[in-house]
Every structure is written in structure tokens, then in C-alpha cells.
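Step one of this worksheet: look at the structure below.
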């Protein structure tokens, strides 16, 4: 990592202190997603943080699937998560499944029972919630709290054998029902769920709860720094309690950092699933989605996402990042790498009446005006071209420097043309415009006889490729996913997707899915991997060319 990427953050400082004090010889971090959905940009922040810390300090970073809830998890999500981590540029040291530790967790639960630190409770879920109390009122002890060790061992074993129905019994830690930390009020550590598991099949019908499983998983793997988001700060004392009372040999340290919030972006996995289930988007990889799969399909590069995650830093307090900051980093990346091309997404035919019929010529246009070494490409030019419909106005306002009757503009890399006639259909719609060109004004000849204020792009109507262009706006209208109690579906932007049919220059004839282009005056585009076929070229606009956003 460069010095910029080594910018200080409190987690990095903790690790440095731990290594300097010889508390640890090496560090081991982990990324522990639950395989119940697709990863989003918030997960990417955690991936980048954990893997970059492991890399910087010559440590290790594991990928662990926290698969303790069989009813919501699927191998589809396991595979997509593995793909996303690899795509972001990281290789895990070890791959683990929490479910592979179920035997060990069961043994540790038995240990808690034998120590008088856990009991089987028959209260209903509603009663457990009622007995727990509130933040201002202490909880009440369960009438089953003082069962004997022998009875608890017997009941827990029978729970494992499948003798009881779902929800009829749970195993709870025996801690303190009057604790000011509500997480300490005898939390559930095992529940009954007669459900087939994607990894263990039907071996188990009892499953550990997150607060019990997670610290044990970290300890089993020898994780030194267990990095999670702020909502788990109140759970840290419970995390430490389970590590201690389960007598784990390794003692990991939980550290919390602020989760990522982005303007105009839903970050809740539940809400993202709702968008998919209700058909508001066309899947988890819809280019409007903040999922890693969606960003990839939109055209974001791994480098741009990594640089974004590094730039936002690591904080102890929640804040919201401007979505334009993410756009800044993809522009920065593609500015250097994306080939240029001209495309017309809302075409209007322009006929050059004094250009020889049936003839054409080859023009050379620079690939990158800011980089001479990028060279030039050949583009054909003939009597008929397409221009953008918005580049012509019959009755323009002041300071409109594009094409209108009697005005002259430069066609990018070609000639000056002057509008002489407007052709309309029976409804008064402009269908084509007729112009004359000045052969003396060819680009690159050094012509200085007169100047024009407008330059517009075009494609040769006789040598271009039909294409579909998908233009995106934020899916969510408000700055936050929740605003003054509104339901987030009320904030869906009805104009989040606009589909245009147009043309692109022939240099794109060999474009393949995920190829990226800078289309002159339009922005950066990615060839869509889902909808593109041999006879249908589809481009997703990643971002426009410019933004008012400034990186501080």
C-alpha cells in the first residue's frame, strides 16, 4: 500500500500497538458474511478494510460464511460472495463455514450448562420478550431459570435429537436479568429449527444464535482482531463473556467501526431483497443496485471501489458519504483506461447536400485528447450522418451555440457544416436537417479562416452500429433511505432508468460484455453482460463525464 493508503485509522493504531507490545506475533482478520443475500458496497468497505489490514501487516484474512440460519441461506449466495471477494482483488487465507464448527459449539454449550451458566427455557418468544424488560426497567427471571444441571443436559440433548417442535424450547445463557445492558439478560444461544441446512443437511435441528456463535468462530480460527460495525458495540461485553465462559484458548478482540451510509442509496439487505422480489429492479445485479454484482454490471471497476473504500476511511461515528464520491473514483480510473468513441443516443439525420453522393472518406480522430500516446482511430464520413436531436433547435435561446437554421458548427474531427433547411413530418416533428459543408475546414488542416463556437459529435449514417443505451439516475430520490418516517418504496425514482435507441461508431463492433468506453459528451459506458447479444449491443452508462464533486 502507498503512504496515502496507509493513512492512519484507529483500528490500524490498535494493531500497531498490539504488535509492538508482542501481544500478537501476527494478525488474523476475517470477513464473515451471512450467505443470505448478495454483498453490497457496505460489505465492500469491510472486505477492503480486513484484507488490506492483513496485507499491510503480513497477516492473514479468512473468508468465513456465518451460516447459522438454515431457513435464509443458500449456496447461490455462497458462490456469489466468493466471486465478489475475488473480483474485488482479494484472496482469502482460509475458507471456513460456521456450520463446520457446530459440533464444537455444541460441546461449549454443554460446558456452559455444566457450569450452571446456561439453561433450557420453555417460555414462548413473546414471553421471553416480555420478561426481558426495557432499557429503563429490569427484566424478570424465567420460571425455568433454576432447572438443575442434570435436567438442562437432558432437555438440551433431547432438543438436539428433535423431540421438540420449533419454538417450544430454547437454550439461554444464565447471566443477569437486571443488567443495564439488555444483551446480558439471559440471551438465547440455541433455538430449534427443523430445517435442512445448505452445508450440514439434516444433521442438526438446533442452531446457535449469532451472539453465541460469532465469538466462538473467531476464537476457533485464532482471529486476533474481529472487526464489525457499530451496532455490535453493545454486544461486545457478551462477546467477551462467551469467549471467557466457554473457556476458549484463543481470545479475540472485537473492534467496532462506523457502517457505510451513502446518499440516495438503500443499504439494508432486507430492503434490497424487497426491490428484487417486487420487480422494481431486474435482479440483484441490476445496475441501479448498490450490490457488488450491480456495480460490476453497471461498469464499476474493482480498483475504483477499493480506492473509494480506502478514501472514506474508518471512523467511530456514523456519517453519510455523498454518492458522487464513488462516481469520482470510477471517473478517475476510466479517464486513464477507457477507449473513446462517438455515439448518438437520440438520433437526428443530417444530410450534407453539397457532399458528393455515394462517396465517403476516412477521418482520423484522437483517442484521448489528453494523451497523445493513445493515438488516433479511423472513422468514416459520408453525405449522411446522425447527430444528437438535442444538438439542433429550430428556435434556440441566446447563447445556444449548437446547430440551428443559418448557424455553423464543427462536426467533431470533420468539417464545418451550416444548417440551410429543416425537414418535418405531418405532425411537425423534425425528421432531418439539410446542411452544406465547407471542404476547406477539415480538422487537422490548420484552417484559421473563421471560427465557430460549437462542436458537436456524430456518426456516419452509412457505417454505424445500432445500439441501446441505458441511462441511470439514483434509484432513491431522498438523500437517506429513510426520511421523516416515509416508507422507502415511496422514494423510488420513477426515472431511474431511461432506455434510448441509437448508433455508435464502427470501432465498437468487437465490443464484448464488460468492455468500457468513454462516449464523447455522454459519459462512461459499460457493455451490459446480461442483455448484450450478437445482434443487440447494450451499453450501461456508469457515470456522466463531469461532476461538481470535489475530493477534499
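Along the chain as shown, the residues are counted starting at 1.
Glycine residues also receive a Cβ, built from the backbone N, Cα and C atoms like all the rest.
When the ranges 261-265, 266-270, 271-275 are checked against Swiss-Prot, the one recorded as motif ''KMSKS' region' is 266-270. Your range for motif ''HIGH' region', going by Swiss-Prot and the list 33-43, 44-54, 55-65, is 33-43. For the motif ''HIGH' region' (33-43), same-chain residues at least 6 beyond its ends with a Cβ under 8 Å from one of its own Cβ atoms are 65-69, 72-75, 77-78, 80-81, 84, 198, 259-260, 262, 265, 267, 269, 272-273, 284-285, 289-293, 295, 305, 326. Taking a C-beta cut-off of under 8 angstroms and a sequence separation of 6 or more, residue 45 (ATP binding site) has the following same-chain neighbours: 260, 309, 312. Here is what falls inside 10 Å of the CA of residue 66 (L-glutamine binding site) among the binding-site residues 34, 41, 43, 229, 268: 34. Residue 210 (L-glutamine binding site) sits 14 Å from residue 36 (ATP binding site), taking the Cα positions as reference. Residue 66 (L-glutamine binding site): 20 other CB atoms within 10 A of its CB, across all protein chains. Long-range neighbours of residue 34 (ATP binding site) (same chain, six or more residues apart, CB within less than 8 Å of its CB): 65, 66, 67, 68, 69, 72, 73.
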